[in-house]
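Colleague: Per TrEMBL, the feature active site, proton donor/acceptor maps to A:CYS74, A:CYS185. Sequence annotations record features per position, and here TrEMBL assigns substrate binding site to A:ASP11, A:SER12, A:TYR43, A:GLY44, A:ASN75, A:THR76, A:THR186, A:HIS187.
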Protein chains: 2
Amino acid sequence: MSNNRPIGFLDSGVGGLTVVKEAMKQLPNETVYYIGDTLRCPYGPRPVEQIKQFTWEMTQFLMKKNVKMIVIACNTATAIALEEIKKTLRIPVVGVINPGARAALKLTHNNKIGVIGTAGTINSGEYGSAIHKKSPKSDVYGIACPKFVPIVESKQYSSTIAESVVSEALAPFNGKNIDTLVMGCTHYPLLKPLIRQEMGEKVKLIDSGAEAVSEVSMLLDYYDIAADATEEEKQHEFFMTGSKKMFEDISHDWLNLESISTNRITLP
Amino acid sequence: MSNNRPIGFLDSGVGGLTVVKEAMKQLPNETVYYIGDTLRCPYGPRPVEQIKQFTWEMTQFLMKKNVKMIVIACNTATAIALEEIKKTLRIPVVGVINPGARAALKLTHNNKIGVIGTAGTINSGEYGSAIHKKSPKSDVYGIACPKFVPIVESKQYSSTIAESVVSEALAPFNGKNIDTLVMGCTHYPLLKPLIRQEMGEKVKLIDSGAEAVSEVSMLLDYYDIAADATEEEKQHEFFMTGSKKMFEDISHDWLNLESISTNRITLP
């Protein structure tokens with residue numbers, strides 16, 4: 001059996017595009033529908049109930065598009081809404097935290113793991129729980145980096161401002177001797193060169209979103225809902241609540257797509 | 001939520017121990033129950049209906065032991081019975097073919113993939129289907145190696161006989177220019193040094209069973225049924241239909257367990 005319906009990706013903004021990029025690489029037969037709530041981004045500092053509501057609105061939008069699977073390509077939304085959405089929907093729902101935690105445990109040698117994310121993700125403690133459940137003795141150091149998402153969403157991720165913001169935010173890791181750092185926000189891979197520069201070559205950087213794509217790939221097989229390999233070009237669709245131009249600029253930068261189908265929409 | 005019930009592994013003989021070895025490494029919190037139908041091994045040359053029946057008998061044995069997940073740690077049984085068993089049981093069931101096929105597609109550069117397995121596995125064409133579904137242009141060369149399993153089950157896997165059997169069996173790959181070889185039988189990793197010697201250093205060897213453990217790990221998280229991390233030693237249990245001594249010798253060789261709990265049983 002095969003299933004050529006799209007996979008739905010949702011994010012508070014453009015960060016989930018880093019997950020889509022990996023999905024297009026690993027799963028070239030699949031059609032991507034993406035929604036980014038760029039108008040209401042960032043989610044990180046918002047109250048839990050509001051994050052839950054916004055995430056449900058995006059989920060319902062994708063469900064109306066008849067997606068076969070939903071990827072919550074946003075750590076904040078995963079931390080706060082994954083469990084409830086997974087329980088409620090009848091299609092598979094994948095988050096980004098468990099894959100990131102599993103990858104960290106696989107790569108760390110000294111069991112000292114850093115996690116960076118939004119305030120919402122770090123305060124939820126979900127990474128610590130996921131890691132400690134498997135490995136109670138691991139040390140997990142979480143740092144909220146509330147300035148990172150606005151820098152990415154405003155396309156300043158290569159600026160000198162970005163450089164000093166990243167440097168300042170990661171300074172508390174000095175002396176912690178972590179050997180693995182989870183980029184626990186799908187926006188952060190856009191800042192990876194600066195994060196790499198700050199942490200040095202020896203610290204392993206984990207892209208939670210890219211890790212999630214392996215889970216998607218496995219579940220497509222497990223539920224026997226992978227798309228057929230065809231010669232036809234995929235009709236990917238990108239929806240956003242904010243500026244089309246900003247979205248197109250970043251997605252062009254990141255996905256190397258000459259032209260993509262973008263649609264500004266209103267939620268709910 | 002956590003779940004400390006055992007994971008059940010089944011195989012026609014001792015081959016599945018190569019999967020258990022990987023599971024013990026990747027999933028140290030989990031308890032393993034294993035059944036090997038060593039008395040009726042090999043399954044490879046048997047008729048499809050008989051393989052299906054024997055696999056169901058092992059499945060029912062494990063279900064009575066209250067396992068939380070079943071791993072069909074045998075390519076032949078996966079090829080012939082996975083789909084039916086997965087549809088019937090209410091617990092997750094994992095096979096070894098899809099994980100092996102995914103790994104091959106991830107590692108190959110020239111899309112020329114070799115597969116070795118029992119006659120049952122190769123004749124089923126399941127590897128070819130799994131690979132072509134995702135990548136129709138890949139060349140898949142399957143070779144049945146009916147002599148490999150008896151060599152492993154009779155503990156001759158390091159002998160000079162083994163060396164010439166392996167060399168002869170793999171000769172048809174000459175000139176095929178494959179860059180990736182799936183060891184599509186869980187017995188074959190015990191012959192890996194000889195397979196490596198024959199294929200050369202450049203061909204990537206894929207252990208389908210080890211790949212399946214990543215799927216197990218993911219599904220434990222996905223269904224939220226991973227075991228707690230505790231200090232208690234796990235009470236693994238090994239059941240076999242044939243000689244205890246042979247089983248213990250090979251499992252000692254492979255699992256480096258000083259003493260394991262082995263029980264000879266009768267099926268059905």
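Glycine residues also receive a Cβ, built from the backbone N, Cα and C atoms like all the rest.
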Colleague: Validating a neighbour-count step here. Other CB atoms within 10 A of the CB of A:CYS74 (active site, proton donor/acceptor): how many?
Modeller: 37
Colleague: With DSSP assignments reduced to helix, strand and coil, which class does A:TYR43 (substrate binding site) get?
Modeller: coil
Colleague: Quick check for the class: what is the C-alpha distance, in angstrom and rounded, between A:ASN75 (substrate binding site) and A:CYS185 (active site, proton donor/acceptor)?
Modeller: 5
Colleague: Suppose we call a site close when its Cβ is under 8 Å from a Cβ of chain B; which of the recorded positions A:TYR43, A:GLY44, A:THR76, A:CYS185 are close?
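Modeller: Of A:TYR43, A:GLY44, A:THR76, A:CYS185, none lie near chain B.
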Colleague: Distance between A:CYS185 (active site, proton donor/acceptor) and A:GLY44 (substrate binding site) at the Cα atoms, whole Å?
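Modeller: So the Cα of A:GLY44 (substrate binding site) lies 10 Å away from that of A:CYS185 (active site, proton donor/acceptor).
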Colleague: Can you see whether DSSP assigns A:THR76 (substrate binding site) to helix, strand or coil?
Modeller: helix
Colleague: Using Cβ-Cβ distances, find the residues under 8 Å from A:THR76 (substrate binding site) that belong to the same chain and are at least 6 apart in sequence, listing them in sequence order.
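Modeller: When sequence neighbours closer than 6 are ignored, A:THR76 (substrate binding site) has A:SER12, A:TYR43, A:GLY44, A:ILE51, A:GLY117, A:THR118, A:GLY120, A:THR121, A:CYS185 within Cβ distance under 8 Å.
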Colleague: Around the substrate site formed by A:ASP11, A:SER12, A:TYR43, A:GLY44, A:ASN75, A:THR76, A:THR186, A:HIS187, list the extra residues of the same chain whose Cβ is within 8 Å of the site's Cβ centroid.
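Modeller: Going along the sequence, the neighbours come out as A:GLY13, A:GLY15, A:GLY16, A:CYS41, A:PRO42, A:CYS74, A:ALA77, A:THR118, A:GLY120, A:THR121, A:VAL149, A:CYS185.
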Colleague: For the substrate site as recorded (A:ASP11, A:SER12, A:TYR43, A:GLY44, A:ASN75, A:THR76, A:THR186, A:HIS187), determine the largest distance between any two Cα atoms, in Å, rounded to the nearest integer.
Modeller: 12
Colleague: Taking DSSP three-state, what's A:CYS185 (active site, proton donor/acceptor) in: helix, strand or coil?
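Modeller: In the DSSP reduction, A:CYS185 (active site, proton donor/acceptor) maps to coil.
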Colleague: Check each residue in the chain of A:ASP11 (substrate binding site) that is at least six apart in sequence and keep those whose C-beta is under 8 Å from its C-beta; list them in sequence order.
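Modeller: Within the chain, A:ASP11 (substrate binding site) has Cβ neighbours under 8 Å at A:LEU17, A:VAL19, A:TYR34, A:ILE35, A:GLY36, A:ASP37, A:ALA73, A:CYS74, A:ALA77, A:THR186.
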